């Protein structure tokens, strides 16, 4: 074999491949921006106040806010006081979805946010650090006549964070506090058509339960679920991209195994990157449409974490392997002039044992091609990913059995969650700084190697200049991919989610999801394609790595042998072989 495709493919063909990948990238953004709807939909609900007329409350009884079997309702708490209805007998009922609508498995998940409407009263103000205790139950059914089946029931606490912007005087009584939204419920699958929430606010003066929380007038909920149209587009992309990455990965590894030398570390890491991309691509979400798999959100987070950890590790190793010293030997025979130059993977003394050859370069190979060398760089990535995994398990892992649980509900949980996020954020910042430093070192290292190019023949000099340009361009594309991810994430957070472009509405959030997802697939595809061994072969003298004798032989070797892959321990490309480690860590 004679090097990798990135160095042996003609510039014309390489440009064609780049244009095709760029068109696919544009298509990925257009699919999300023009075809797919917004990723999620938010629906607002106002809880209905039902009266539990049974003296001894039965947990199996569910209160419907509307329909043929609707509950006995009251409009306000003033009406309840007039009818001498106690607070413990009031049930806030919310039916999901709204009347004449149905939920669908295509919605994938259901997230519910809680907000209290609390009026200001001089004699009933919100105390500092007030905690609301809710007795909440969730039920489901798949038609309008069946009985409700309990899905979950729990007693939860949420800390109020409210502010009153005007003066606390009698004239301002009746005005409402401005309260923050509270996490309430998250379900990892939407397998049923109808859901019912019954919420109670039990009051116990002796135990200080729901005391000092102000005068609650209403409870509002915001239900968020994934759009079915976006889910179908997302599944279609996964279904299309899975075989594409799988085929290129098998093709890449088959070419690696056909070589006479064993795979080097960089080639193994590229394979691992392809495996992680395939793992995240496999559209197992299709099964969530027919099965009630509540663990799909957690499983999706784990898959994404594995891929991004592998991607970050790949960048570190990719740069590091191009900084390591190569095993490159130049030998000159004194006296007879039979040897001009030799590029070999073995020490010259072993090839010419009868000669005492002084070597101009004899560089150490011990640090290259060893994964253990990168533990200081890959360690923070693994540690940060582990922190995020623990955070995810502490919330979504518990939500598998209790959908009302939130790690942010308690002070200890909030501190732990913030600690995990901060540590992971620090690791991410250190990573990006170190990655930029490594890219700078690689560029400076390659620039230093260019000083030897003028001494080469014109054909060989142009070849190496082309290799350096291609490698630098690939590194810039890598950094651009990372930058695009950050930029589009910020855009999706600061705008309202869509732009108007003529008569068309561009869904920015959808374009972000599909575009970035397509970008990572195309990037992994390009890396495996460009770093696969080339099928081009040259003359036996050059491809076998033998020495070229005579001055004329050396010159012809420069003109003909543009790339040489050492078939023992050297790497896949000339850039890999010619780059040296100028600055030690």
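Backbone N, Cα and C atoms are what each Cβ position is placed from, and that goes for glycine too.
Worth saying up front: this structure is predicted, and the values here are computed from it rather than measured.
If you look up TrEMBL, you'll see 48-226 marked as domain 'Wntless GOLD'. What TrEMBL lists as domain 'Wntless-like transmembrane' is 227-326, 362-535. Look at TrEMBL and you will find 233-253, 265-282, 302-320, 378-398, 418-446, 467-491, 511-532 tagged as transmembrane segment.
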Paired segments the transmembrane segment (233-253) and the transmembrane segment (302-320) in contact, 3+ CB pairs under 8 A:
no
Among 265-282, 378-398, 418-446, which stretch has the most Cβ pairs under 8 Å to the transmembrane segment (511-532)?
265-282
Across the domain 'Wntless GOLD' (48-226), average pLDDT on the 0 to 100 scale:
86
Would you list the DSSP helix, strand and coil counts for the residues of the domain 'Wntless-like transmembrane' (227-326)?
79 helix, 0 strand, 21 coil
